[in-house]
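A.B. asks: Structure in structure tokens, see below.
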Amino acid sequence: MSTIFAPITGRGGAVTVLRLSGPGTFGIVQALAGSLPAPRRASLRPLGHEGRRLDEALLVTFPAPHSFTGEDVAEISLHGGRAVLAAVSEVLATLGARPAEPGEFSRRAHQNGKMDLLQAEAMADLIAAETEAQRAMALESMTGLSAACLIWREELRQIMARQEALIDFPDEDLPPEVEAALLAGIIALRDEMRAALSAAPAAERLREGLEFVILGAPNAGKSTLLNALAGEEIAIVSDIPGTTRDAVGVRVDLGGVPVHITDTAGLRETEDVIEAEGVKRAKARAARADFLLLVAAPGEAFPEAPKGIPCLRLRTKADLTPAEGFGVSARTGLGMAELRAKLAEAAAELTDTKGAAALARPRQIACVRDTEAALDAALHVEDPELRGEELRSASQALARLVGIIGVEEILDAVFSGFCIGK
Ligand SMILES: Nc1nc2c(c(=O)[nH]1)N(C=O)[C@@H](CNc1ccc(C(=O)N[C@@H](CCC(=O)O)C(=O)O)cc1)CN2
Ligand SMILES: Nc1nc2c(ncn2[C@@H]2O[C@H](COP(=O)(O)OP(=O)(O)OP(=O)(O)O)[C@@H](O)[C@H]2O)c(=O)[nH]1
Ligand SMILES: [K+]
């Protein structure tokens, strides 16, 4: 096993923490620092190599298996900046370590039983979190998702034990309650999979961020509204109808939920080919949106919304004519606080997992869907042998979910999506 290293802190700070992991770690660090401090004790050491002084750094060692990766680990807190990092990295390479691949520390931690795949994915999501709700969900998933999966696997283990008993003993020896209990167990577990799957879209939306689209006639005030929500001049505002052609978007934080708001071309029949293309794109965007802001100026009609997408009808330019219904003036700020609150409420609702296990990644959802399908199939076969086969397939899908049986390519795909130093 090679010894790897990478900075685990971001650029530009006063200190850069460099992590080494692998069997050669302590030999390399000793060569660099002269001596090793007591395990897990931060100690100041001069770093140097063949008479070249490199830095005065803080050094901590974590002997295996009590480390992040389960291997021998050292963390060196260097002075920040690219020159120090470059010089130390160069020397580490001559001493036999190599730069870590993205996700390689976590992959080793997974291999050594320090975290399952769900925890590794949740940790990557926690690092990537940009808003409060994303942070809270990822942190909860880091412990909660694995715990839920552990319970599911235990329930399935008991179901399979009952199933084995049914196969091993002739029918007449076992009371009918055994099979009834078995089926009830399968139904209960299948329904738990269904509950988790029904909360999954909300979790996925929170992980990815929501898409809100502003839709309305030309000159309705869409661009002015987007700019007011963004707090900066993103889209061009003019009194010429048909100003916005391409969709223009901005990412905002609505009550802790990341929302991408898109301003679109004003909807109308037009001879102008470029504007017509803009209208086509506006409709396509609207069809894919999580939520629509349908806007209309005083006295004008609201656009029609594609079916099944939640929306809010909003009168613009409320400073000119007091609106009946909900109105705002992006120009004076009238109603804008209320609008923000309404949008934040919609965002919260769309991302509410209602306490269910938050499956936030397609990989996780696919595993749970496979589990649900196998359990459901098990309920619909009479033959105990065939039922046993479906249960085994459910068990394998759950094992894939936590990474106990990990196809190499799946692990590659998961960990290569991590950042360097993770
Ligand atoms: N300096 C530093 N800060 C960090 C990390 C890190 O790797 N280094 N982390 C990286 O993500 C997070 C903390 N996660 C960690 C998880 C496990 C272990 C660890 O050493 N585990 C050992 C010992 C546990 C103990 O002290 O009780 C073990 O599991 O045996 C360290 C950090 C956030 N902060
Ligand atoms: N009085 C008043 N005028 C507004 C308000 N919002 C927008 N306007 C004006 O309405 C005109 C059109 O505004 P835009 O934001 O460009 O409208 P749009 O819907 O994006 O227009 P298109 O790009 O043509 O689709 C501009 O002259 C704006 O200054 C408002 O709240 N009050
Ligand atoms: K306009």
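In case you wondered, yes, glycine gets a Cβ from its N, Cα and C as well.
Whatever TrEMBL says is automated annotation, not expert-curated.
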A.B. asks: Please identify which of Asn112, Asn219 is recorded by TrEMBL as part of the K(+) site containing Ser238, Ile240, Thr243.
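C.D. replies: Looking at Asn112, Asn219, the one TrEMBL places in the K(+) site next to Ser238, Ile240, Thr243 is Asn219.
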A.B. asks: Please check each of the binding-site residues Arg19, Lys222, Ser223, Thr244, Ala330, Lys422 and report the ones with a CB atom less than 6 Å from an atom of ligand 2, ordered along the sequence.
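C.D. replies: Among the binding-site residues listed, those whose Cβ sits under 6 Å from ligand 2 are Lys222, Ser223, Thr244, Ala330.
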A.B. asks: Quiz question: given the binding-site residues Arg19, Lys114, Lys222, Lys422, which has the greatest number of C-beta atoms lying within 10 angstroms of its own C-beta?
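C.D. replies: It comes out as Lys222.
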A.B. asks: Can you tell which of Asn219, Ser223, Ser238, Thr243 has the least company, meaning the fewest other C-beta atoms within 10 angstroms of its C-beta, among these binding-site residues?
C.D. replies: Ser238
A.B. asks: Using the Cβ centroid of Asn219, Ser238, Ile240, Thr243 as the reference point for the K(+) site, which residues of the same chain not in that list have Cβ within 8 Å?
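C.D. replies: After dropping the recorded site residues, what remains is Pro218, Ile236, Val237, Asp239, Pro241, Gly242, Thr244.
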A.B. asks: Please report how many Å separate the Cα atom of Thr244 (GTP binding site) from that of Ser223 (Mg(2+) binding site), as a whole number.
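C.D. replies: Counting only the Cα atoms, the answer is 8 Å.
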